[in-house]
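A.B. asks: Below is a structure I'd like to ask you about.
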Amino acid sequence: MASSPSFLLLVALLALVSWQAVASDPGPLQDFCVADMQSPVRVNGFVCKNPMEVNADDFFKAAALDKPRVTNKVGSNVTLINVMQIAGLNTLGISIARINYAPLGQNPPHTHPRATEILTVLEGTLYVGFVTSNLPAPARNKFFSKVLNKGDVFVFPVGLIHFQFNPNPHQPAVAIAALSSQNPGAITIANAVFGSDPPISDDVLAKAFQVEKNTIDWLQAQFWENNHN
């Protein structure tokens, strides 16, 4: 039976609406969208400041990333420059961080839920690595690691647990990282699991880590310091 013209028209219209619903622009629709931090409107990111009110300072920060930072008890300090520091980064999908490492210091295992990271060593040596997700064997939780020297570059794929460690007991190290998000986020694994507020049940964690509950209680009693500025 031949389809009626009205039915064919309906199918064509539905196809057109569906295409428009899933279509997206591959890039920004304007030169910039400087974040308007004062706007009460809540969106995924920030609404745009009136372009007539934008000036050069919206794209600038005297961040002193060339200066050393004081490290914390895990032996690192991460100075992140994201959209909260430079409003002009809004919608541009990039941020930057300087990481200082004390001798034998580390940026402990963590993940960036919204960004891939590319890191370059400016001074010293770093032992770095990341672990894949729960893929089917044999790729499940595969560990990739490398020793980096000054000038070397390493990539940490988006969302995967990774770390950096300075193996030198006498010399500090410095790295710069670029991240593919204006707000990459950071989840430090130990802090999130053992330092959550309120605490995760020790029954849950003891079962998950296959240890005694008193071990979990001891870990939860520690002070889990944040190394991100």
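Glycine residues also receive a Cβ, built from the backbone N, Cα and C atoms like all the rest.
This is the feature table in TrEMBL:
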- ASN107, HIS112, GLU117: oxalate binding site (BINDING)
- HIS110, HIS112, GLU117, HIS162: Mn(2+) binding site (BINDING)
- CYS33-CYS48: disulfide bond (DISULFID)
- 60-217: domain 'Cupin type-1' (DOMAIN)
- 1-23: signal peptide (SIGNAL)
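Are these features on the surface or tucked inside, and what touches them?
C.D. replies: In sequence order, VAL74, SER76, VAL78, ILE99, TYR101, PHE163, GLN164, PHE165, ASN227 are the residues of the chain that are 6 or more apart from ASN107 (oxalate binding site) and have a CB within less than 8 Å of its CB.
Neighbour count (other Cβ atoms within 10 Å of the Cβ, all protein chains): 17 for CYS48 (disulfide bond).
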A.B. asks: Sequence gap of 6 or more, Cβ distance under 8 Å: name the residues on the same chain that satisfy this around HIS112 (oxalate binding site), in order along the sequence.
C.D. replies: PHE156, VAL158, GLY159, LEU179, SER181, PRO184, GLY185, ALA186, ILE187
A.B. asks: I want the residues beyond HIS110, HIS112, GLU117, HIS162 whose C-beta is within 8 angstroms of the mean position of the Mn(2+) site's C-beta atoms, in chain order.
C.D. replies: THR111, ALA115, PHE130, PHE156, LEU160, ILE161, PRO184, ALA186
A.B. asks: Can you tell me how far the Cα of HIS110 (Mn(2+) binding site) sits from the Cα of GLU117 (oxalate binding site), in Å?
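C.D. replies: Rounded to a whole number, the Cα-Cα distance is 12 Å.
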A.B. asks: Give me the non-local Cβ neighbours of GLU117 (oxalate binding site): same chain, 6+ apart in sequence, Cβ-Cβ under 8 Å, ordered along the sequence.
C.D. replies: VAL155, PHE156, HIS162, ALA177, ALA178, LEU179, SER180, PRO184
